[in-house]
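Novice: Attaching a single structure in structure tokens format; questions to follow.
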Amino acid sequence: MTRPVVASIDLLALRQNLQIVRRAAPGSRLWAVDKDNAYGHGVARVWSALSAADGFALLNLEEAILLREQGWKGPILLLEGFFHADELAVLDQYRLPTSVHSNWQIKALQQAKLRAPLDIYLKVNSGMNRLGFMPERVHTVWQQLRAISNVGEMTLMSHFAEAENPQGIVEPMRRIEQAAEGLDCPRSLANSAATLWHPEAHFDWVRPGIVLYGASPSGQWQDIANTGLKPVMTLRSEIIGVQNLRPGEAIGYGGLYRTTQEQRIGIVACGYADGYPRVAPSGTPVLVDGVRTTTVGRVSMDMLAVDLTPCPQAGIGAPVELWGKEIKIDDVAASSGTVGYELMCALAPRVPVVTL
């Protein structure tokens, strides 16, 4: 018998989310960021629902090639660029724009034999200090790239570390303006948070990611609750066991939760091997038979326990929503000390996925 845990992907919600996000930046073109296999939703499964985007921004060649083979003919941007010089031949074959953030990549472009120039996204380090050239170096690097016959259209790109904060882009924007002074070029700066909350950063291309999937870039659902955005992924299971416990009984590994009164406990077929966070504490929200309740005790590999006190009608086979339309993934993540991004990406391969 198949375990009842399943993830469903709502493609209509995904299409509608794209429309909402596009309206937030009406003057910009839009990269749909689909890194890490579309935030765990599956690139092959969801790309057609995002085909109204102007392009897809991905992390690796395998996903880019998959999109091409699935029929996408528009732009595909490699956000971290190419990792080895010999990959440039593949970028050339599939016509993939690439970010450039290191000196060795410039040298590789100089030496490559390509059929046609590649469009380049020059990465500026505006303060996150991961990838990119410091602002004071950008003019020099720009001129180096402009002199390479393998380089086509160039765009300045950067990434904000704190765009969820009202003042979080002030200093990065100053650095970007410093880098761009005197350069007549397109820019791509805005991630999900900046797309929603910082129109001054929209420029030519925005790059929304997590918001397309109905979760908040700030990690707080209330920050996007009034936007119309809807969760795309729902993780469901069922009650597979019920325990009627006396006061003082321990639940789960380590006995972290003990009953203080007679309590009815439901056992759900879902655990950390399915992608549910092991660190989720007692009190993490969950929906059982349409009623909001909480987890109790430590999450096991294949199971977790829930309090059935608010839903006395629930028994074996009662439906459980771990996250989705009613139980927001941001709330589960916040309870677990993490972010919705991580939970989406951690969905285990053993969990069946259906599309709606």
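Even glycines carry a Cβ here, placed using N, Cα and C.
Annotation source Swiss-Prot lists active site, proton acceptor at Lys35, Tyr253. Among the features that Swiss-Prot reports, substrate binding site is placed at Arg130, Met301, with the record citing similarity to another entry. Residues or ranges marked as N6-(pyridoxal phosphate)lysine in Swiss-Prot (evidence: similarity to another entry): Lys35.
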Novice: Can you tell me the CA-to-CA distance separating Met301 (substrate binding site) and Lys35 (active site, proton acceptor), as a whole number of Å?
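Specialist: Given the Cα positions, Met301 (substrate binding site) is 27 Å from Lys35 (active site, proton acceptor).
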Novice: Measuring Cα to Cα, tell me the gap between Tyr253 (active site, proton acceptor) and Arg130 (substrate binding site) in whole angstrom.
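Specialist: Tyr253 (active site, proton acceptor) to Arg130 (substrate binding site), Cα-Cα distance: 39 Å.
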Novice: Write out the long-range same-chain contacts of Lys35 (active site, proton acceptor), meaning residues 6 or more apart in sequence whose Cβ is under 8 Å from its Cβ.
Specialist: Ala57, Leu58, Leu59, Leu79, Gly209
Novice: Cβ distance under 8 Å to Arg130 (substrate binding site), same chain, sequence separation 6 or more: which residues?
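Specialist: Those within reach of Arg130 (substrate binding site), by Cβ under 8 Å and sequence separation of 6 or more, are His159.
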Novice: Sort Tyr253 (active site, proton acceptor) into helix, strand or coil using the DSSP assignment.
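Specialist: It is helical.
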